[in-house]
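A.B. asks: Pasting a structure here, questions to come.
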Amino acid sequence: MAKRVVLLPGDGIGPDIVASAVRVLRQVFSDRPEALSFQYHQLGGAAIDETGQPFPEETRAAVLASDAVLLGAVGGPKWDQGPGHLRPEAGLLALRKALGVYANMRPVRAYEKLLDASPLRLDVAKGVDLLIIRELTGGIYFGERERGETASAGRFAKDTMYYTEMEIRRVVKKGFEAARDRKGHLTSVDKANVLDSSRLWREVVDDMKKDYSDVTVEHVLVDSCAMHLVTRPERFDVIVTENLFGDILSDEAAVLTGSIGVLPSASLGDGPGLYEPIHGSAPDIAGKGIANPLGTILSAAMMLRHSLEEPERADRIEEAVARVIDKGLRTADLARGRESVSTQAMTDAVIAALA
Ligand SMILES: NC(=O)c1ccc[n+]([C@@H]2O[C@H](COP(=O)([O-])OP(=O)(O)OC[C@H]3O[C@@H](n4cnc5c(N)ncnc54)[C@H](O)[C@@H]3O)[C@@H](O)[C@H]2O)c1
Ligand SMILES: CC(C)[C@H](C(=O)O)[C@@H](O)C(=O)O
Ligand SMILES: [Mg+2]
């Protein structure tokens, strides 16, 4: 039976980069085209325009019945003025929650050929190969919120960072397991010098250590981690951290690779996985045909590996991307004054490199 992939192109550059990933998937399955079925649904601003909701019921039903979900990006200035629960981003959060994808894996790999695209010194970014595991369905993104007004101090707004032991344990477990399969080092990132939720996080990590004696564990405060990511990135193997810290640190880590456009992600829980590049809808370049499709193409490879039991085809896509980068092809975000190619041409090159 065909594996059911739900495609959520979303907004801005989303439709272009998802189209690229689908072309690559079709090519890598050209010997068995019946193995995958694709279904398009709406999420984000596009869904608001059509249905009034950022995560329509129809999309919810489709993703829950799928084997995996591939998402482009959501958001844009057109929808920025709406109330919080009717923003495109609220649809994305509701999607993650509905799928229960609590572990967001964001691998960061510096390709040798792209080192000069990073603003950092060559020797800093060289050899970087780390994995950020970001808790994705809890923390301040999903805690209690409140808006109000007091007579003495004017308006107030409240967001709450709330974690249960169960939420921490299951994502930290993914961290230990990933470290075990990689270089055996786990960095748990928190703000335990200030936050109670971080102190609980640290206690749970320390509790779990004894079951993973082959993994070395260190605790690093998030501010210090932010500095070390761009000064000594080679010290990291697997980083596990809560939702907001992971969001910020992964965009920072993108600087090591030359562009946020090349970073993929896999969000995993107990049901269908969700796969999306880590970047947004890039309204500044939308419609120009110049978006970097590699983060989405590499997310599709992660989908084949983690949800669709097709690890060899995943390898083939990743090798094709590495070959294209090696040949020197760059989209505008990576060009740094060199010649650049379009989304379409980059996708064509990956497809040609698959052969
Ligand atoms: N997962 C998601 O859907 C997601 C993630 C982040 C931001 N957003 C949303 O996207 C919108 C824009 O946010 P932002 O500008 O802060 O972040 P962004 O990631 O969209 O863009 C940041 C910068 O990186 C560039 N960029 C990003 N992806 C690129 C690609 N594939 N190729 C070339 N250049 C690329 C953009 O042109 C821009 O200059 C906002 O509405 C935000 O909420 C969505
Ligand atoms: C758009 C936004 C809700 C999202 C997040 O904060 O999780 C994005 O920044 C990401 O990293 O996927
Ligand atoms: Mg982000």
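Glycine residues also receive a Cβ, built from the backbone N, Cα and C atoms like all the rest.
Unlike curated records, TrEMBL annotations are generated automatically.
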A.B. asks: Can you find which of R60, R134, R199, R202 TrEMBL lists as binding substrate at the same site as R96, R106, D223?
C.D. replies: R134
A.B. asks: Going through the recorded positions G76, G84, K191, D247, A286 in sequence order, which have a CB under 6 Å from an atom of ligand 2?
C.D. replies: D247
A.B. asks: I'd like to know which of the recorded positions listed (D80, G84, Y141, D247, D251, A282) lie near ligand 1, counting only a CB under 6 Å away.
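C.D. replies: With ligand 1 as the reference and 6 Å as the Cβ limit, the list reads A282.
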A.B. asks: Do any residues at least six apart in sequence from G76 (NAD(+) binding site), in the same chain, have a Cβ closer than 8 Å to its Cβ, and if so which, in order?
C.D. replies: D11, G12, G45, P88, S281, P283, A286
A.B. asks: Across the whole of the domain 'Isopropylmalate dehydrogenase-like' (4-350), what does the mean pLDDT come to? Round it, please.
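C.D. replies: When the pLDDT values over the domain 'Isopropylmalate dehydrogenase-like' (4-350) are averaged, the result is 97.
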